[in-house]
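Here's what Swiss-Prot has on this protein:
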type	residues	note
COMPBIAS	110-144	compositional bias 'Low complexity'
REGION	110-156	region 'Disordered'
COMPBIAS	145-156	compositional bias 'Basic and acidic residues'
REPEAT	182-203	repeat 'LRR 2'
REPEAT	205-226	repeat 'LRR 3'
REPEAT	228-249	repeat 'LRR 4'
BINDING	Glu387	Mg(2+) binding site
Amino acid sequence: MFNPRYTQGTIYPGAHPGLLTPDHQHAAILSVQNSPALENSNISEHWKQQIALATQSRSFSSPHQRAHNAAALARSGGPGFSMNYNARTGAFTGGPNAAGLSSLGGKYNTSSTTTTLTTSTTLNTSSGTTLNSTSKTTTSSVAVDDQKSKSDSKKERRDWTCLDLGGIGLRNVSTDLFKFSFLTELYINHNNLTRLPPEIGKLKNLVILDASGNSIKTIPPELGLLTELREVLLFDNMISVIPAELGTLFQLKILGIEGNPLQDVYKNQIMESGTAGLIAALRDGCPVGPPPPERGWEKLVSDDDDDVNDNVSTSVRDLTAADSNKPSTTSKNLKFTIMSYNVLCERYATSTLYGYTPSWALSWSYRKDLIMQELGGYNADIICLQEVDVENYDTFFAPQMSLKGYKGVHFPKSRVRTMNEVERRIVDGCATFFKTSKYVMHEKMVIEYNQAPSLRRQDIKLTSNMYNRVMTKDNISVITLLENKENGSRLIVANCHIHWDPQFRDVKVIQVAMLMDEIAQVATKFRNMPSKIPSDQLKDERPTYPEYLKIPILICGDFNSVQGSGVYDFLSSGSISQNHEDFMNNDYGEYTVNGRSHAFNLKSAYGESEALSFTNYTPGFKGAIDHIWYTGNSLEVTGLLKGVDKDYLSGVVGFPNAHFPSDHICLLAEFKVKQEKTPLPSSKFNNDKK
């Protein structure tokens, strides 16, 4: 019976070789580590580990040895038997919940390191024949097919994730093998391979790669794209150089390289600081590749409709050449651009969270200049930034943006209330900037979700969930009330940063529901505020707002919510049911008794466009969690900044990097304020025939 997560790549009809018991296996490893040869004081501990692991690796030279061990154990266990087999060491641990041990003797926090034996599976070659593992193959390659169409593969259950092609004399590996992107462990050790194809970079889920005992001369740089890798064993090959691109393998625990004609610079680094030290050195020393092409601009209306703002063009980086003080036509007075950007707060940008980023590219001194180049280059009329701390707002953003003609508003998160002056300087929050040549501000305010006015409403019951889940979070939103100096049109801008943790989806929904309640109150108040601009200074006729729903509203920021989430559904549809799954069966009084709704006709600027597939790009997550929402009855989106070039992304594991200063990318949209249409006069033609 074969392992359901593990296949040897063949059907082996013969008797399986004997296997070591766990005690004998561990004893064999310890005997190598404690051998007199390794007690030489001139050998570093890191290199002793290399020698010990290389010796262990050489014991796995038989055809499909790891798969045979797993299959033999499964057969001996009988029906229903389940036991964990560690393919790296050949050892077994009893019980279905035992964790797989790495060759380092530690544990990986991933299910892929443990193989549970319950059912059988087979894998045929593309020719439809079965390889006989009793003799070594001499074919030029072994091609492996999925045996399923793309439509069927989506429904196919993957009962194995490990593949053992070790010790069978392979000379080449077919690129079809790398279509198995679900693989977590690949063993191609002790063959006759001379190269690893660059297509290996497609195995994004690979945790362990063993290509020891071959004649490989070079490591493909594409291996650096496999950020899930914990072990790469390349013992006994012909490798002399380790490509700097492997510096992105921030989770790599062991790079087995003993038995290679390695250049001294790499060998010395491993001897001194081990795999972690080598990877860090490679990461910081990796040459910076060419920058990506400029992000394009998507026009959503025709040129005949005067769609392009003086400050927006299809060559978006040319925005700095635009004259922001240039007189505008009447229709262009109604146009403006807005940016939303989570800039990644200085204290959040740590090597622990962003281990794939060079330390110099992670430093605030480097990133802040890139951020400011983006802000100046895109030249938006309104800019909403998240994760801006007090210190950098006061000393960097506010002064720099003032020189560019902006005025700013900043509020830190609620925790600042409990801190002294030194501590509060590093608390981040939301900052909104607007061009003083175009807007005047009526009012600014902050919504603190742990003490929002919505919590004091009589119909809101403060349940234990509200106290323990919502009011313990210190997220905020910043609202600014703006008036256009040229036409008197009003605009409400909400700059939001919603809670991040997916385990608190309910909190996200509650926060956004509170936000919409507050915006309704603010819009009602703003509608009745007197204008700050005398009528004789206006170039256009001042608009009127007979009801608060007529005022243009923009809600921008990092919502930490993708399309289809409760937050997205609530904003786009105008309501959320009391039993929505994102409430997570928690009691929030009125929210979970009758659901919640808002009266605004909100649309996502990027919602119906294919211009942007993600706003957050890291090895563990790629998705659109930042949004620009607008009131469709009063605003029309006329243009959008497109996403990052796909060819560039194919060689990037995540942001930030040398070209992108945050793990988020900025959103930029152009809007046009809709004008109330004057009713057509009634027809004076007399169609009555008498």
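Cβ coordinates come from backbone N, Cα and C, glycine included.
Sequence-distant neighbours of the repeat 'LRR 4' (228-249) (same chain, 6+ residues past either end, Cβ-Cβ under 8 Å): 53-54, 57-58, 88, 102-103, 108, 110, 113, 184, 189, 204-222, 255-263, 266, 278-287, 356, 358, 619, 653.
If you look at the repeat 'LRR 3' (205-226), the same-chain residues 6 or more away from its ends with a CB under 8 A from one of its CBs are 54, 57-58, 60-61, 87-88, 108, 110, 112-113, 161, 166, 181-199, 232-243, 245-249, 256, 259, 651, 653. Mean pLDDT for the repeat 'LRR 3' (205-226) in the predicted structure: 98. Counting every protein chain shown, the number of other Cβ atoms lying within 10 Å of the Cβ of the residue listed as 'Mg(2+) binding site' is 23. Under DSSP, residues within the repeat 'LRR 3' (205-226) fall into helix, strand and coil as 5 helix, 3 strand, 14 coil. Glu387 (Mg(2+) binding site) falls within a strand segment according to DSSP.
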